[in-house]
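> Pulled from TrEMBL, these are the listed features:
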type	residues	note
BINDING	B:Thr44	pyruvate binding site
ACT_SITE	B:Tyr131	active site, proton donor/acceptor
ACT_SITE	B:Lys159	active site, schiff-base intermediate with substrate
There are 2 protein chains.
Amino acid sequence: MFTGLNAFPLTPVTASKIDETGFVRLVARLTAAKVDAIGALGSTGCYAYLTRQQRQRVATLAVEHADNIPVMVCVGAVSTDEVLHLADDAQRAGARALLLPPVSYQPLSEEEVFNLFDTVSRHVSVPLCLYDNPGTTRFTFTSGLYQRIAALPHVRSIKIPGVPADEEKASGHIRQLRAVLPTHVSLGVSVDAVAGLGLNAGCDLWYSVCGGLFPQTAKAITDAAAQGDAQRVTRLSARLEPLWALFRQHGGSLRVMAAAASAQGLTDVDCLPRPLLPLSAAQRAEVAAVIAALELS
Amino acid sequence: MFTGLNAFPLTPVTASKIDETGFVRLVARLTAAKVDAIGALGSTGCYAYLTRQQRQRVATLAVEHADNIPVMVCVGAVSTDEVLHLADDAQRAGARALLLPPVSYQPLSEEEVFNLFDTVSRHVSVPLCLYDNPGTTRFTFTSGLYQRIAALPHVRSIKIPGVPADEEKASGHIRQLRAVLPTHVSLGVSVDAVAGLGLNAGCDLWYSVCGGLFPQTAKAITDAAAQGDAQRVTRLSARLEPLWALFRQHGGSLRVMAAAASAQGLTDVDCLPRPLLPLSAAQRAEVAAVIAALELS
């Protein structure tokens, strides 16, 4: 499950409740597009805002509606105890892999993060993906720490926070990581704007936000990468620049993807958990215009 | 309750359970020293690592053992729904004020933070203190946002993240804040190393980590401030420099205070919730030496 396109759907939340119908609609788009894997309850899936019970319900819904596509579930939490409970819940729900970010409140030391992964890797029975996202966890990994964690049982992938925005530097970065990691640990690129660069630099897969709502659009890029057509990857990715611009403009991808899901009629306009606020009507119109112009699907 | 010394005790956690005996011992030191208020479940109180049930239990214990000293309880959480539940729980437990930090996962906009405070201020019936701690929440307040939030119902205090480390700049900073805030909103300084500077600059109180374990030591400083003896405030605070140095050295005050509590025989050595790790034996010996040398009490 660690190649091609792992698509991260939004978890729509309306008036403090999971919009289950909306979520199932989003998952149906992913199965129709035959994505390689589904990343439920990622940052886009709003895991950090949901209760343990809500997360269990969403994991269960994702697996039930995934049409046998493997589902990876994020089990991030500030407390290690909570992470272990969430891992149990996700495995019971049928998750085929777990995604683990080092969520922090007090800034964490390298040893504390290693210990978290050590504890969880000994506890679980499905593959584990290290989720490196300093923008939300505020923890910065070193390649030395990647290496130590990659040697732990069950660790099979690293979701890296983008690559340098330059072809040569991106290739150099991935080469350096490969040099210190065992071959059974895959590298997946995130930060959609540099996904094409990451795939061309040798990443095994794209952990994709855009693909969680527009799987056809994202899959065209991972398919081109699978065929070794680097130019096509670059062209298809560059074409989406107006979408990446919206992500930059609105403090990340989440609020834009929520607006996009509602513009597609898949969710309510207000589908983000508080304190997150939906974009304004004018901003939403801009998102809808970009979707139409780029023919995202 | 918004003058003098508000002392923030550790919540000791051992093998995934609240060490209730240890916590009650810590609270007993605060009542014996007659601190002005107790700040339960602050960052030092490890609120972010505890379940809703654990937080309710700790709030209840704090109030029961506070000997009528008012208890402020922190109700921070990533999700606004969770904050509202925690506020209900804390008020039921007898909290006389609530402390609210804008805890974030996705970085929050100014409007989102304002909305959080607006929602909570309309929901609660006890005084609310804005908890500004960018080191853990990763949100930076502007004085304009302070002003908007200070105008909301129930808001009675702001826990500011220190003051500039220079007498004149500190005074200027507090003067600027006073100019935009209503008189019924008090200013409390945090970041212990600059507490003396903050009190001399005109802060109404000290939200104190050190005071949560060494209330006599901290109270000597707030007493001097109450008597207008700025020189004594400066002298007593400067004397504690070896303690502030330990805080800087160990990524903040929490791990040091946990080591200090165990060095005093009040808690187990390992009293932090995972993923947080206790200091090493050598580091703990250093903490014990500083406590002895400074005669902290």
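A Cβ is built for glycine as well, from the same backbone N, Cα and C atoms used for every other residue.
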> Looking only at C-alpha atoms, tell me how far B:Tyr131 (active site, proton donor/acceptor) is from B:Lys159 (active site, schiff-base intermediate with substrate), rounded to the nearest Å.
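That comes out at 5 Å between the alpha carbons.
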> In the three-state scheme derived from DSSP, which category covers B:Lys159 (active site, schiff-base intermediate with substrate)?
strand
> State the Cα to Cα distance, in Å, between B:Lys159 (active site, schiff-base intermediate with substrate) and the residue listed as 'pyruvate binding site', rounded to an integer.
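A Cα-Cα distance of 14 Å.
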> For the residue listed as 'pyruvate binding site', what is the secondary structure by DSSP, using just helix, strand and coil?
coil
> Could you check the recorded positions B:Thr44, B:Tyr131 and say which one's CB has the most other CB atoms within 10 Å?
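Top count of Cβ atoms within 10 Å goes to B:Tyr131.
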